[in-house]
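According to Swiss-Prot, the L-aspartate binding site annotation covers 172, 218, 449, 490. Residues or ranges marked as region 'Aspartate' in Swiss-Prot: 196-199. Look at Swiss-Prot and you will find 218, 219, 220, 227, 483, 535, 536, 537, 538 tagged as ATP binding site, backed by sequence analysis.
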């Protein structure tokens, strides 16, 4: 037998037992007559002692080095009282080695487990990076999460049904990864960005509660929390309203947090998209941050200051204030840095006012814009934002979107810089009632979620007449500023679906070409249905306390969508391309 116990599982209850362990040398210490090693496996670390009492094992241990793969047979004994290590789960015991077997020696590692290695090194030698206890723990947590989700879904009547990986390219927002067909030359499959249409078709097939833990693919620009291939917990239901879907999914996430890290998330508040954008400048607000935006356009619309009065009198403008309690200590240099920061989001500047004495009116205000205000305006501003002595007010004034984006980003930065964001808290919420459509860079209407989301209380005729007023029956789950899941009630009326396609500029010929199968299916007694998808990678990232999604994926890609370990993507044999009727055009 190669193993009777895992290293990290040993404790006082095992004292006196003979055990067989298999794993790696984590650290070695030679004390002359005795040799100690920390032995590691996926479950943890235990100290092993080589004693002259078992001379053969001691002699063999002299040749051990870090990362040798070994087997130990020995007895679990109690550590002397003065050698107990309370920082180790196994710190009360050690294993007295009777036999040592070396499965494999190890070359000197290209990584140093005791130092910070570069991201490039870690990804190139990922199989070594995953030996680190913190990395192993993250993947164990991920496995625990998926196991919990499957149990929850099974207990609530959901069926685990697989959907195709090779499918048809359909416009879902990002670029598709295309797969050429050898049999149908000149034609391509697409790897799914999500199982969206297939799970809707499953509802039409009568499977009223579906789920799947599934790989999805998007060829898009990457960030720290994005990967070209990622894993979704995909869910769809029939005959449930949006609040009913949210209740089930909230219960799952609530219980997942309790099961995984012992945290009770409580009841999730519900907030409309409009409120989230107005107060926090984001559709995924981090409620751990106490700072909020307050609209003041009505107060400053008549001041002799074009920076304020022009957006204040523009229906598409916005003037908003963030009050920072006790922020008057912020230096001019810091203010200049914040001014540069909001410029990233298109803001032309950042007005500010320090409240040195709230009872002194404008005399108690230190600000380059004080000369444009009068006592009445200042009093109204101070009351609106509840200004106090020692505060600083930051003003954003521009187009609605620019002000909202810039001040929302500033809010987050101020919360971090000033230690206002309560990092030890969990703050979940639902964001609902998103706009049905938004304008793209060319000014055309685009679906804010996807083109299969149903509007709220709109007929097809009303939607076509006034699409920009429509509210989507959509919902996102947000935790600590991260969107962890999003979904909607789906369109189940063929007339409504065709109307949405037309609004998005998809004519009837394109509708038949791209979505003919869906439009046909909608004609045959389609049930009302709604669903949601969670990002498993992002959930795991939050539950393990890391800020990089690559830390919770066994073999992730870089931000350039490359695998440094296998050197994918790579060139392929010209003969393979010829069989696919593909010729590669070299970039100039």
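A Cβ is built for glycine as well, from the same backbone N, Cα and C atoms used for every other residue.
What Swiss-Prot annotates, mapped onto the structure for a quick look.
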residue : record                   : CB count, 10 Å
218     : L-aspartate binding site : 21
220     : ATP binding site         : 13
449     : L-aspartate binding site : 20
483     : ATP binding site         : 17
490     : L-aspartate binding site : 24
536     : ATP binding site         : 23
538     : ATP binding site         : 20
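In terms of DSSP helix, strand and coil, the region 'Aspartate' (196-199) has 4 helix, 0 strand, 0 coil.
When the binding-site residues 218, 449, 490 are compared by Cα distance to residue 538 (ATP binding site), the shortest distance belongs to 218.
Cα of residue 218 (L-aspartate binding site) to Cα of residue 536 (ATP binding site): a span of 15 Å.
Residues 218, 219, 220, 227, 483, 535, 536, 537, 538 are recorded as binding ATP; their most distant pair of Cα atoms lies 20 Å apart.
Residue 483 (ATP binding site) sits 13 Å from residue 449 (L-aspartate binding site), taking the C-alpha atoms as the reference points. For residue 536 (ATP binding site) paired with residue 449 (L-aspartate binding site), the C-alpha to C-alpha distance reads 19 Å.
Here the C-alpha separation of residue 490 (L-aspartate binding site) and residue 220 (ATP binding site) works out to 25 Å. Model confidence over the region 'Aspartate' (196-199) stands at 97, taken as the mean pLDDT rounded to a whole number.
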